[in-house]
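Written below as C-alpha coordinates is the structure these notes are about.
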Amino acid sequence: MTILDGPRSAPGNDRPGPDAFTPDTDPLDVIRWALESHPDVLMPSAFNLNGVVLIDLAVRAGYRGDVVFVDTGYHFPETLATRDRLAARYPELTFVTLNGGAHPEDGQTDPALYASDPDACCAVRKVAPLQAYLRQRAPGALLNARSRDQASTRADIPFVEDGGARVKVNPLAHWTRERLEAYAREHDLPVNPLYFDGFLSVGCWTCTRAVRPGEDARAGRWAGKGKTECGLWAGNNTL
Ligand code: SF4
(Lines of atoms letter the chains of each structure in order from A and count residues from 1; the text may use other names and numbers.)
(Lines give C-alpha, C1' and ligand atoms only; values in the text may rest on other atoms or scores of the structure.)
Protein backbone atom coordinates (compact mmCIF):
# COMPACT_ATOMS: atom_id res chain seq x y z
CA MET A 1 0.00 0.00 0.00
CA THR A 2 1.39 3.38 -0.98
CA ILE A 3 0.20 6.61 0.50
CA LEU A 4 -0.02 9.20 -2.22
CA ASP A 5 2.52 11.98 -2.50
CA GLY A 6 2.53 14.91 -4.86
CA PRO A 7 -0.37 16.96 -6.17
CA ARG A 8 -3.54 16.25 -4.28
CA SER A 9 -6.16 18.34 -5.98
CA ALA A 10 -7.29 18.86 -9.52
CA PRO A 11 -6.48 22.23 -11.10
CA GLY A 12 -8.95 24.75 -9.80
CA ASN A 13 -9.88 22.55 -6.88
CA ASP A 14 -9.22 24.64 -3.77
CA ARG A 15 -10.67 22.08 -1.40
CA PRO A 16 -8.11 20.87 1.19
CA GLY A 17 -6.62 17.63 -0.06
CA PRO A 18 -5.11 14.58 1.60
CA ASP A 19 -2.10 16.53 2.86
CA ALA A 20 -4.50 18.44 5.11
CA PHE A 21 -6.56 15.43 6.19
CA THR A 22 -6.33 14.31 9.80
CA PRO A 23 -8.01 11.32 11.50
CA ASP A 24 -10.80 13.71 12.48
CA THR A 25 -11.49 14.87 8.93
CA ASP A 26 -15.17 14.51 8.08
CA PRO A 27 -15.70 11.69 5.55
CA LEU A 28 -17.90 14.12 3.62
CA ASP A 29 -14.86 16.31 3.01
CA VAL A 30 -12.89 13.32 1.78
CA ILE A 31 -15.68 12.35 -0.60
CA ARG A 32 -16.05 15.93 -1.86
CA TRP A 33 -12.33 16.05 -2.52
CA ALA A 34 -12.59 12.79 -4.44
CA LEU A 35 -15.51 14.04 -6.54
CA GLU A 36 -13.67 17.20 -7.49
CA SER A 37 -10.27 15.61 -8.04
CA HIS A 38 -11.58 12.50 -9.80
CA PRO A 39 -14.98 13.24 -11.38
CA ASP A 40 -15.07 9.74 -12.87
CA VAL A 41 -14.78 8.06 -9.47
CA LEU A 42 -16.83 4.85 -9.03
CA MET A 43 -17.99 2.91 -6.00
CA PRO A 44 -17.88 -0.89 -5.71
CA SER A 45 -19.98 -2.17 -2.83
CA ALA A 46 -20.98 -5.38 -1.07
CA PHE A 47 -23.61 -3.55 1.04
CA ASN A 48 -22.09 -4.25 4.43
CA LEU A 49 -22.57 -1.74 7.25
CA ASN A 50 -19.60 0.31 6.03
CA GLY A 51 -20.86 0.23 2.48
CA VAL A 52 -24.35 1.34 3.38
CA VAL A 53 -22.99 4.26 5.39
CA LEU A 54 -20.66 5.23 2.56
CA ILE A 55 -23.48 5.21 0.03
CA ASP A 56 -25.52 7.58 2.20
CA LEU A 57 -22.58 9.90 2.80
CA ALA A 58 -21.61 9.88 -0.86
CA VAL A 59 -25.10 10.92 -1.92
CA ARG A 60 -25.02 13.74 0.63
CA ALA A 61 -21.65 14.82 -0.81
CA GLY A 62 -23.04 14.88 -4.34
CA TYR A 63 -22.05 11.50 -5.76
CA ARG A 64 -24.39 10.46 -8.58
CA GLY A 65 -22.45 7.61 -10.14
CA ASP A 66 -22.53 3.82 -10.15
CA VAL A 67 -22.66 1.49 -7.17
CA VAL A 68 -21.15 -1.72 -8.50
CA PHE A 69 -21.94 -5.08 -6.94
CA VAL A 70 -20.62 -8.46 -8.07
CA ASP A 71 -23.09 -11.31 -7.86
CA THR A 72 -20.98 -14.40 -7.17
CA GLY A 73 -24.01 -16.66 -7.13
CA TYR A 74 -23.43 -17.47 -3.48
CA HIS A 75 -24.84 -14.36 -1.81
CA PHE A 76 -27.34 -14.51 1.00
CA PRO A 77 -30.87 -13.51 -0.02
CA GLU A 78 -30.66 -10.84 2.66
CA THR A 79 -27.72 -9.23 0.85
CA LEU A 80 -29.58 -9.13 -2.45
CA ALA A 81 -32.60 -7.68 -0.67
CA THR A 82 -30.39 -5.03 0.92
CA ARG A 83 -29.13 -4.06 -2.53
CA ASP A 84 -32.71 -3.70 -3.72
CA ARG A 85 -33.71 -1.61 -0.71
CA LEU A 86 -30.75 0.69 -1.31
CA ALA A 87 -31.58 1.01 -5.00
CA ALA A 88 -35.11 2.06 -4.06
CA ARG A 89 -33.88 4.53 -1.48
CA TYR A 90 -31.26 6.20 -3.70
CA PRO A 91 -32.75 6.61 -7.19
CA GLU A 92 -30.10 9.22 -7.96
CA LEU A 93 -27.51 6.41 -8.07
CA THR A 94 -27.14 3.67 -10.65
CA PHE A 95 -26.92 0.23 -9.05
CA VAL A 96 -24.98 -2.10 -11.32
CA THR A 97 -24.91 -5.86 -10.72
CA LEU A 98 -22.09 -7.68 -12.48
CA ASN A 99 -22.21 -11.42 -13.17
CA GLY A 100 -25.96 -11.21 -12.72
CA GLY A 101 -27.71 -14.54 -12.57
CA ALA A 102 -24.69 -16.39 -11.24
CA HIS A 103 -25.46 -19.44 -9.11
CA PRO A 104 -23.51 -22.41 -7.78
CA GLU A 105 -24.38 -24.63 -10.75
CA ASP A 106 -23.73 -22.06 -13.48
CA GLY A 107 -20.58 -23.72 -14.81
CA GLN A 108 -18.32 -20.76 -14.03
CA THR A 109 -16.47 -22.89 -11.50
CA ASP A 110 -16.76 -26.26 -9.86
CA PRO A 111 -19.62 -25.66 -7.38
CA ALA A 112 -17.32 -26.71 -4.53
CA LEU A 113 -14.28 -24.68 -5.62
CA TYR A 114 -14.90 -22.29 -2.74
CA ALA A 115 -13.94 -25.11 -0.37
CA SER A 116 -10.93 -26.53 -2.23
CA ASP A 117 -9.43 -23.27 -3.53
CA PRO A 118 -11.23 -20.15 -2.31
CA ASP A 119 -8.64 -17.83 -3.89
CA ALA A 120 -9.40 -19.31 -7.30
CA CYS A 121 -13.12 -19.11 -6.67
CA CYS A 122 -12.95 -15.43 -5.65
CA ALA A 123 -10.70 -14.70 -8.63
CA VAL A 124 -13.24 -16.05 -11.10
CA ARG A 125 -16.51 -15.13 -9.47
CA LYS A 126 -15.72 -11.81 -7.83
CA VAL A 127 -12.46 -10.21 -8.96
CA ALA A 128 -12.58 -10.96 -12.70
CA PRO A 129 -16.03 -9.44 -13.36
CA LEU A 130 -15.12 -6.25 -11.52
CA GLN A 131 -11.73 -6.01 -13.18
CA ALA A 132 -13.38 -6.35 -16.60
CA TYR A 133 -15.90 -3.64 -15.73
CA LEU A 134 -13.17 -1.30 -14.50
CA ARG A 135 -11.05 -1.88 -17.59
CA GLN A 136 -14.02 -0.78 -19.64
CA ARG A 137 -14.92 2.25 -17.52
CA ALA A 138 -11.33 3.15 -16.57
CA PRO A 139 -12.12 5.38 -13.58
CA GLY A 140 -9.22 7.27 -12.07
CA ALA A 141 -10.37 6.53 -8.54
CA LEU A 142 -12.61 4.25 -6.49
CA LEU A 143 -14.61 5.10 -3.41
CA ASN A 144 -14.19 2.33 -0.88
CA ALA A 145 -15.83 1.70 2.49
CA ARG A 146 -13.01 -0.07 4.35
CA SER A 147 -12.17 1.11 7.86
CA ARG A 148 -9.17 0.50 10.05
CA ASP A 149 -10.97 -1.27 12.85
CA GLN A 150 -12.48 -3.98 10.62
CA ALA A 151 -9.38 -6.16 10.86
CA SER A 152 -5.70 -6.01 11.77
CA THR A 153 -4.89 -6.25 8.06
CA ARG A 154 -6.66 -2.93 7.55
CA ALA A 155 -5.21 -1.12 10.56
CA ASP A 156 -3.18 1.38 8.58
CA ILE A 157 -5.28 2.22 5.55
CA PRO A 158 -5.11 5.95 4.75
CA PHE A 159 -7.87 8.17 3.41
CA VAL A 160 -6.20 8.09 0.01
CA GLU A 161 -3.92 5.42 -1.35
CA ASP A 162 -2.28 4.61 -4.64
CA GLY A 163 -3.12 1.02 -5.39
CA GLY A 164 -1.55 0.99 -8.82
CA ALA A 165 -4.12 1.30 -11.60
CA ARG A 166 -6.23 3.84 -9.77
CA VAL A 167 -6.50 5.85 -6.57
CA LYS A 168 -8.44 4.28 -3.70
CA VAL A 169 -10.34 6.75 -1.55
CA ASN A 170 -11.33 5.42 1.87
CA PRO A 171 -13.49 8.11 3.55
CA LEU A 172 -14.39 5.83 6.48
CA ALA A 173 -10.81 4.80 7.25
CA HIS A 174 -10.95 6.31 10.73
CA TRP A 175 -14.55 5.57 11.70
CA THR A 176 -15.12 2.88 14.28
CA ARG A 177 -17.85 0.28 14.12
CA GLU A 178 -19.67 2.07 16.93
CA ARG A 179 -19.65 5.28 14.96
CA LEU A 180 -20.87 3.55 11.83
CA GLU A 181 -23.69 1.88 13.77
CA ALA A 182 -24.68 5.21 15.31
CA TYR A 183 -24.76 6.86 11.90
CA ALA A 184 -26.88 4.05 10.46
CA ARG A 185 -29.32 4.31 13.37
CA GLU A 186 -29.52 8.08 13.19
CA HIS A 187 -30.33 7.99 9.47
CA ASP A 188 -32.41 4.81 9.56
CA LEU A 189 -30.27 3.16 6.90
CA PRO A 190 -31.24 -0.23 5.42
CA VAL A 191 -28.52 -2.33 7.04
CA ASN A 192 -28.33 -6.00 6.04
CA PRO A 193 -30.42 -7.79 8.71
CA LEU A 194 -27.73 -10.45 9.02
CA TYR A 195 -25.56 -7.82 10.67
CA PHE A 196 -27.77 -7.94 13.74
CA ASP A 197 -27.29 -11.73 13.91
CA GLY A 198 -23.53 -11.31 14.27
CA PHE A 199 -22.56 -11.26 10.59
CA LEU A 200 -20.53 -8.09 10.96
CA SER A 201 -19.02 -8.61 7.51
CA VAL A 202 -21.18 -10.48 5.03
CA GLY A 203 -19.81 -12.21 1.97
CA CYS A 204 -20.90 -15.42 0.30
CA TRP A 205 -22.96 -17.80 2.46
CA THR A 206 -20.44 -20.55 1.81
CA CYS A 207 -17.58 -18.53 3.28
CA THR A 208 -19.15 -16.44 6.04
CA ARG A 209 -20.08 -17.19 9.64
CA ALA A 210 -21.23 -14.98 12.47
CA VAL A 211 -18.51 -13.28 14.47
CA ARG A 212 -17.86 -14.42 18.04
CA PRO A 213 -17.43 -12.00 20.97
CA GLY A 214 -14.04 -10.30 20.85
CA GLU A 215 -13.29 -11.19 17.23
CA ASP A 216 -12.54 -8.73 14.43
CA ALA A 217 -15.50 -7.73 12.33
CA ARG A 218 -14.08 -9.77 9.45
CA ALA A 219 -13.19 -12.86 11.47
CA GLY A 220 -16.22 -14.64 10.05
CA ARG A 221 -14.95 -14.41 6.48
CA TRP A 222 -13.20 -17.58 5.22
CA ALA A 223 -12.76 -18.65 8.84
CA GLY A 224 -10.21 -21.44 9.18
CA LYS A 225 -9.12 -21.17 5.54
CA GLY A 226 -6.11 -18.90 6.04
CA LYS A 227 -7.70 -16.27 3.84
CA THR A 228 -8.66 -12.75 4.89
CA GLU A 229 -9.41 -10.84 1.68
CA CYS A 230 -11.24 -11.66 -1.52
CA GLY A 231 -8.50 -10.15 -3.64
CA LEU A 232 -10.23 -6.93 -4.64
CA TRP A 233 -8.32 -4.79 -2.17
CA ALA A 234 -5.25 -6.87 -1.33
CA GLY A 235 -3.09 -9.31 -3.26
CA ASN A 236 -1.83 -9.49 -6.83
CA ASN A 237 -4.98 -8.49 -8.65
CA THR A 238 -6.10 -5.48 -6.67
CA LEU A 239 -8.45 -3.05 -8.31
S1 SF4 B 1 -16.35 -15.72 -0.98
FE2 SF4 B 1 -16.33 -17.99 -1.22
S3 SF4 B 1 -18.02 -18.55 -2.64
FE4 SF4 B 1 -17.68 -16.30 -2.73
S5 SF4 B 1 -16.39 -16.02 -4.52
FE6 SF4 B 1 -15.01 -16.14 -2.73
S7 SF4 B 1 -14.50 -18.34 -2.41
FE8 SF4 B 1 -16.22 -18.19 -3.91
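The backbone N, Cα and C atoms fix where each Cβ goes, glycine too.
Just so you know, TrEMBL annotations are computer predictions that nobody has curated.
Copied from TrEMBL, the annotated features are:
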- Cys230: active site, nucleophile (ACT_SITE)
- Cys121, Cys122, Cys204, Cys207: [4Fe-4S] cluster binding site (BINDING)
- 42-210: domain 'Phosphoadenosine phosphosulphate reductase' (DOMAIN)
- 1-24: region 'Disordered' (REGION)
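Packing around Cys204 ([4Fe-4S] cluster binding site) is summarised by its Cβ count: 23 other Cβ atoms lie within 10 angstroms of its Cβ, all protein chains included. Look at the binding-site residues Cys121, Cys122, Cys207 and count other Cβ atoms within 10 Å of each Cβ; Cys207 has the fewest. Across the domain 'Phosphoadenosine phosphosulphate reductase' (42-210), mean pLDDT in this model comes to 95.
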